[in-house]
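J.: As listed in TrEMBL for this protein:
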- 36-56: transmembrane segment (TRANSMEM)
- 77-104: transmembrane segment (TRANSMEM)
- 124-145: transmembrane segment (TRANSMEM)
- 152-174: transmembrane segment (TRANSMEM)
- 194-213: transmembrane segment (TRANSMEM)
Amino acid sequence: MPLCSLFPNILVFSIYAVNKKYPIVVWKDYFTDNEMLINVMLGIAFFSVLAGYIFSREYQENTVNSMFTYPISRIQFFISKLVVVLILISITLISSFILAMLLGLTIKHEPLTFSILLYYAKTYIFMIIMHFALIPIVAFLAIYYKSILPPIILGVGAITVSLIMMNTPFNTVFPWSIPAILSPQQNEGTYPNYALGIIVLCTTFIVGIILSIRSIKKDVQ
C-alpha cells in the first residue's frame with residue numbers, strides 16, 4: 001500500500017534532478033510540490049478506491065451475512081474498518097514524507113533544518129486527518145451500493161471538480177479540494193478560508209458516519 005506514495009515522490013524528484021530550472025533543492029518548494037501532488041492525485045483517487053474496497057469487500061464476496069454472525073456489533077465492525085483505513089492512510093503519507101526527504105538528500109540541496117522538518121511533519125499529519133475525514137462518505141457509498149464502483153466514480157469526479165475549483169474563492173466548499181487548499185501551496189493567489197474548510201470537513205465526516213451507520217443497520221436483517 002505505501003508503494004502508491006512512490007509516484008508523486010519519484011515524479012518530483014525527477015523534475016528536480018533533471019530540470020536545470022531547479023539547480024538546488026529548496027526544501028520549502030520541494031516538500032510543497034510533493035504534498036500538492038499527493039493531495040490532488042493520490043489522496044483523492046487512491047484513498048477512495050482503498051476505502052471502497054475495504055467497505056465493499058464482504059458484499060463483493062457475498063460474505064456479509066456470515067460477517068455479522070460474529071460476536072461483534074455492526075457498529076464495532078464499521079469502526080474497526082475505519083481504523084484500518086486510518087492506519088493505511090497514515091502509513092502511506094508517512095512513507096511518502098520520509099521518501100521525499102531521502103530522495104531530496106541525494107541531490108544538491110540547501111541545508112535541511114529541524115524547523116523545516118518539523119513544519120512539514122506537522123503538515124503531513126494534518127493531511128492524514130483531512131483525508132481520513134473524507135472516508136466515511138466513501139464508506140457510505142460502498143455500503144449502500146454494495147460495490148466498489150461508486151467510490152471509484154467519486155474519486156475520479158472529485159479530482160476533476162477539485163482541479164476546477166482549486167483557484168476559486170469557493171475552493172473550501174468542496175470537501176475533496178480542502179486537503180490541497182489548507183496545505184502549504186506554491187500559488188499564493190488562492191483564497192483559503194481555513195475556518196470554512198475545517199467546518200466543511202467536520203460536517204462531511206459526521207454526515208458520512210451517520211449515513212454509513214444507518215445503512216449498516218438496515219443492511220442485514
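Each position is counted from 1, following the chain as shown.
Quick reminder: no glycine exception, Cβ is built from N, Cα and C everywhere.
Where the annotation comes from TrEMBL, it is an automatic prediction and has not been curated.
Give me the structural setting of these features: burial, nearby parts and distances.
T.: Remote same-chain residues near the transmembrane segment (124-145) are listed as 35, 38-39, 43, 47-48, 51-56, 59, 78, 81-82, 85-86, 89-90, 93-94, 96-97, 151, 154-155, 175-176, 178-179, 182-183, 201-202, 204-205, 207-209, 211-212, 215-216, 219 (criterion: CB distance under 8 Å, separation of at least six residues from the stretch ends).
Within the same chain, residues 40-41, 44-49, 52, 137-138, 141, 180-182, 187, 189-194, 196-197, 200 sit at least 6 positions outside the transmembrane segment (152-174) and bring their C-beta atoms closer than 8 Å to a C-beta of that stretch.
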J.: If we skip the immediate neighbours and take only residues 6+ beyond the ends of the transmembrane segment (36-56), which ones have a Cβ under 8 Å from one of its Cβ atoms?
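T.: Answer is 1, 4-5, 7-8, 11-12, 81, 84-85, 88-89, 92-93, 96, 127, 131, 134-135, 138-139, 141-143, 145-152, 154-156, 158-159, 162-163, 166, 176, 179-180, 183, 185-186, 212.
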